[in-house]
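Database features, via TrEMBL:
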type	residues	note
TRANSMEM	6-25	transmembrane segment
TRANSMEM	37-59	transmembrane segment
TRANSMEM	79-105	transmembrane segment
TRANSMEM	117-141	transmembrane segment
TRANSMEM	192-216	transmembrane segment
TRANSMEM	236-255	transmembrane segment
TRANSMEM	267-294	transmembrane segment
Amino acid sequence: ISHFSQLILTLIAYILDLMLVFIIQRSTRKEIGPYRILLTFFVLSDLYFNTIHFIVYPIPEMYGNAFIMRGHGLYTELLGLSLYGGAYGHAFPILIFHFLYRYLAIKKPKFLQHFRFFFFALMVSTAACNALMFTAFYYFFGPDEESLRILGAVFNGSLPLPLIHAIDSAEKNAQALYWSGATFEGPRWRNIIGMGMMAATMSFAYAVIITCTVLINKYLKNQLKSSNTMRLHNQLFRALISQAFVPLFTAYYPAGTAMILPLFGITVPYISIIVPPACCTHSLFDPLVLILTITEYRRAFFKNTGLSKLQAPSKSVSSKDATHT
C-alpha cells in the first residue's frame with residue numbers, strides 16, 4: 001500500500017510540476033519580472049526531489065534508541081540515501097530566498113536591480129545546504145562497527161519489525177544509534193551531531209521565514225496601494241506561506257519525528273508506513289498551492305485541463321498597478 005501510494009503521488013507531482021513550469025514560462029504577466037525565475041527554480045528543485053525519492057524510495061524505521069533507513073527503490077546503496085538527504089535539505093535556502101525576495105519586492109524594490117547577485121547567492125546557498133545534508137547522512141549516519149554490532153539483532157531478523165532485514169545488507173542502511181547502552185547512557189556524539197546539524201538547518205530556515213512573514217504582513221497592512229496591486233501581493237504572499245508551512249506538517253514533521261523520537265527511546269512501529277507517502281507530498285503541494293492561489297496560473301491550469309467551467313470568476317490584476325511585484 002505504501003509503495004503504491006508513492007507511485008500515484010509521484011506521478012501526480014510530476015504532472016503538476018511540469019504543467020506549472022509550462023504555465024510560468026507562458027505567463028503574460030510580465031510585471032512579475034525576475035520572480036518568475038525563482039518560481040521556476042523552486043519547481044525544478046521539486047522535480048529533482050521527486051526523482052531522487054522515487055529512485056531511492058527511503059523507508060525509515062525506529063527501534064529503541066536507534067533510527068534506521070534503507071533505500072527500497074531502484075538504487076538501494078547508502079550513497080542514494082545521502083543524495084536523498086541532500087535533496088531533502090535544499091528546499092530550506094530556496095524558501096528563505098523566496099521570502100527575502102517578497103520582502104524586498106514590497107519594501108525595497110530598488111535592490112532587485114541586482115537580481116543576478118541575489119540569484120547567484122541562492123544557488124550557492126542551495127548547493128551548500130545540499131552538501132551539508134548529504135554529509136550528515138553519508139558520514140554521521142553511516143554504519144560503523146559499534147552500530148552494526150548493537151543492531152545485529154535487527155539486521156539478522158531476530159526482532160519483529162515492519163520490514164524484513166538481512167545481515168548482508170546492513171551496511172546499506174543509514175543508521176543512528178544515539179546511545180551505546182540504555183537510553184541516556186553513553187551518548188554517541190557522532191550520530192547526535194548529525195541529527196543536530198539537520199535540526200539546526202531547519203530551525204534556522206523557519207526562524208528567517210517567520211521573521212519575514214511578520215515583517216511582510218505588517219508592511220502590507222499599512223500600505224494604501226490600489227486594490228489590484230494589493231491583491232497580487234497577497235496572492236503571492238499567501239502562496240509562499242502555504243509552500244513553507246504545508247510541507248512542514250505533511251513531509252518535514254513525519255520525517256523529523258522518525259529521526260528525533262529514538263533520541264528519547266520512543267518507538268512508533270508504523271512510522272515506516274506513514275513517512276514514505278507523506279514525503280512524496282512535499283513536491284506535490286508546492287505546484288498545487290501556486291496553481292490554486294495565483295489567479296492567472298489557476299485560469300491557465302483550468303484552461304489547459306479542460307476544467308475552465310469549474311473555475312469561479314475572479315478579478316484580474318492589471319499590469320499597470322502591479323509593477324515591482
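Any Cβ shown, glycine's included, is placed from N, Cα and C.
Please treat TrEMBL annotations as automatic predictions, because they have not gone through curation.
Same-chain residues lying 6+ beyond the ends of the transmembrane segment (37-59) with a Cβ under 8 Å from its Cβ atoms: 2-3, 6, 10, 13-14, 17-18, 20-21, 24-25, 69-76, 80-81, 83-84, 87-88, 90-91, 94, 97-98, 101, 115, 119, 122, 126, 163, 243, 272, 275-276, 279-280, 282-283, 286-287, 290. Contact between the transmembrane segment (6-25) and the transmembrane segment (267-294) holds: at least three of their C-beta pairs are under 8 Å, each pair 6 or more apart in sequence. Within its own chain, the transmembrane segment (267-294) is flanked in space by residues 1-3, 5-6, 9-10, 12-13, 16-17, 19-20, 23, 39, 42-43, 46-47, 49-50, 53, 57-64, 88, 91, 161-163, 235-236, 238-239, 242-243, 246-247, 250-252, 254-255, 257-258, 261, 301, which lie at least six positions past its ends and keep a Cβ under 8 Å from the stretch.
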